[in-house]
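Structure first, then comments.
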Amino acid sequence: MRAILMGPPGAGKGTQAADLITRYQIPHISTGDMFRAAIKAGTALGMKAKEYMDAGSLVPDEVTIGIVAERLAEPDCSKGFLLDGFPRTVAQADALDKILTQLKMNLDGVINIEVPEAKLLERLTGRRICRQCGGTYHMVFNPPAAEAVCDKCGGELYQRSDDTLETAKNRLQVYNDQTQPLIDYYREKGLLKEINGDQDIAQVLQDIVDAMEHGHD
C-alpha cells in the first residue's frame, strides 16, 4: 500500500498511522522523522535542512523534496509506505508525482480523515495538566473526578496556552487554508479517500482499509 495520510490537528492521525503500518508492514514516513534521519546520517541534504532548522526558517521545497526522494528510494519502501505531513502544497504534490514516476511507483490513495470542527475543538481544548505532578487529563475522554483538581495528588489542573480555544481555532484555520487546494488536487485525480473520523478508532481503521482495498470512498 502506497498512501498519503491527511487530516487536521485532533483528527487522530497518529493512532491510525500506527495501526496501518503494523497491519501492512510498511514504513511510516513523516517529514520530521525524515529530516532527523538525514541529519543524523550526515547527508548533504540533511546538512542543508539543519542550517534552515537551526536558523528557525522553513526548509525550502527543493531540500524537502530531495530528502523525500532519497527516503522513498530506500529498500523498505519497495512494498509500500505511508506518507504523513508531505505533500503540504500542490507544488509539493506535483514534485511527488515526478519522484514516484522515476521510481516506477503509483500512489494507491490519499486518506483524508474528516472530523467536524466542533469535535476537533473539543478534542484540542480538552487537555488539562496538573501543576504539581504533571498528570494529564482530558475533560471529555479522561476527566478528573473533581473539576480542576488532580485525582493523584490534589494539585491544581490548568490548560496550556497552546490548548486554548483561540489557538486551536487558529491551527485549524491554517490547516484548512493550506490543505484545501491539495484535497481538490487529489480529488480531481480520483485518489482521495474521504474517511469519517468522528467514530470509534477501530471503525475509522476499518473504513480506511475498506477504502484502500476496495476503492470505496
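From the backbone N, Cα and C atoms, a Cβ is placed for every residue, glycine too.
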- Would you identify which residue of R2, R23, R127 Swiss-Prot lists as part of the ATP site it also attributes to G10, A11, G12, K13, G14, T15, T136, Y137, Q199? R127
- Message: Checking feature assignment: region 'NMP' per Swiss-Prot, candidates 30-59, 60-89. Which range matches?
- Response: 30-59
- Query: Which residues of the same chain, at least 6 positions away in sequence, have a Cβ lying under 8 Å from the Cβ of T31 (AMP binding site)?
  - Reply: T64, V68, D84, G85, F86
- Note on the structure: Comparing local Cβ density (other Cβ atoms within 10 Å) for the binding-site residues V59, C130, C133 points to C130
- Have a look at the binding-site residues (R88, R127, R160) and report the one with the fewest Cβ neighbours inside 10 Å. R160
- What parts of the chain pack near the region 'NMP' (30-59), using Cβ distances under 8 Å and only residues at least 6 beyond its ends? 66-68, 70-71, 84-86
- Message: Please identify, among the binding-site residues G10, V59, R160, the one with the smallest Cα-Cα distance to C133 (Zn(2+) binding site).
- Response: R160
